[in-house]
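Trainee: The structure is given below, and queries will be raised subsequently.
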Amino acid sequence: MIKAVIGLGNPGKQYEDTRHNVGFMIADVVASLLKCNKKYIERCFSHIYVCEDHYLLIVKPQTFMNNSGVAVKNLLEDYDLKPDEILVVYDDLDLPLGTVRLRKKGSSGGHRGIQSIIESIKTDEFPRIKVGIGRPERKEQVVDYVLSPFKKEEKILLDKVISHTAQCILNVLKYGIDKSLNLCNKKIV
């Protein structure tokens, strides 16, 4: 049973609407749908929404993406959670915008935030949702791309992706991962 949904991103206004913050965007939508209360937990280095009616935490680590493992490890320790009780939501360069993938476990795939979590909690056996953001055009550096906002023409699709992913998370919470795979793993158009 999932007890914490963790959306990855970077803290600060300058990163708010960037590709790397799609996990934060989705966490906020799920927290709103579930009518959760927000608070900052210093030891966990995170903004945490407490969803009392659902026995759920929605977490936005404030350690910056590449150090997400610090916050996740503290969260697991402080709330006595197991890795299979968290669901991590994050951006994925290797999937085109509009693609969403729910996985039970797996490698980092080169994502530094996920790599930080794997190294910190000493396992890759935790569920995750990868949200495609696509790759940059040839000339643009990856770091510049992930820290850039979505283009105007991408925002309509992005809104659909965020809505779909939020519904996917609600489905996982209600029915579990196995029963949610077909619903979640989609290409949104």
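Every residue number used here counts from 1 along the chain in the order it is shown.
Every residue gets a Cβ built from N, Cα and C, even glycine.
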Trainee: So Swiss-Prot lists PHE64, ASN66 for tRNA; which of TYR15, TYR145, TYR175 goes with them?
Mentor: TYR15
Trainee: What subset of the recorded positions ASN10, ASN66, ASP91 lies within 10 angstroms of HIS20 (active site, proton acceptor), using C-alpha positions?
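Mentor: So far as Cα distances go, the recorded positions lying within 10 Å of HIS20 (active site, proton acceptor) are ASN10, ASP91.
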Trainee: At the level of the C-alpha atoms, what whole-angstrom distance separates TYR15 (tRNA binding site) and ASP91 (site 'Stabilizes the basic form of H active site to accept a proton')?
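Mentor: ASP91 (site 'Stabilizes the basic form of H active site to accept a proton') has its Cα 14 Å from the Cα of TYR15 (tRNA binding site).
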Trainee: What are the sequence-distant neighbours of PHE64 (tRNA binding site), meaning same chain, six or more residues apart, C-beta distance under 8 angstroms?
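Mentor: For PHE64 (tRNA binding site), the qualifying residues are ASN10, PRO11.
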Trainee: Starting from the Cβ centroid of TYR15, PHE64, ASN66, the recorded tRNA site, name every other residue in that chain with its Cβ within 8 Å, sequence order please.
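Mentor: Counting only non-site residues, the set is GLY9, ASN10, PRO11, HIS20, THR63, MET65, ASN67, GLY113.
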Trainee: Between ASP91 (site 'Stabilizes the basic form of H active site to accept a proton') and ASN66 (tRNA binding site), what C-alpha distance do you get in Å?
Mentor: 13
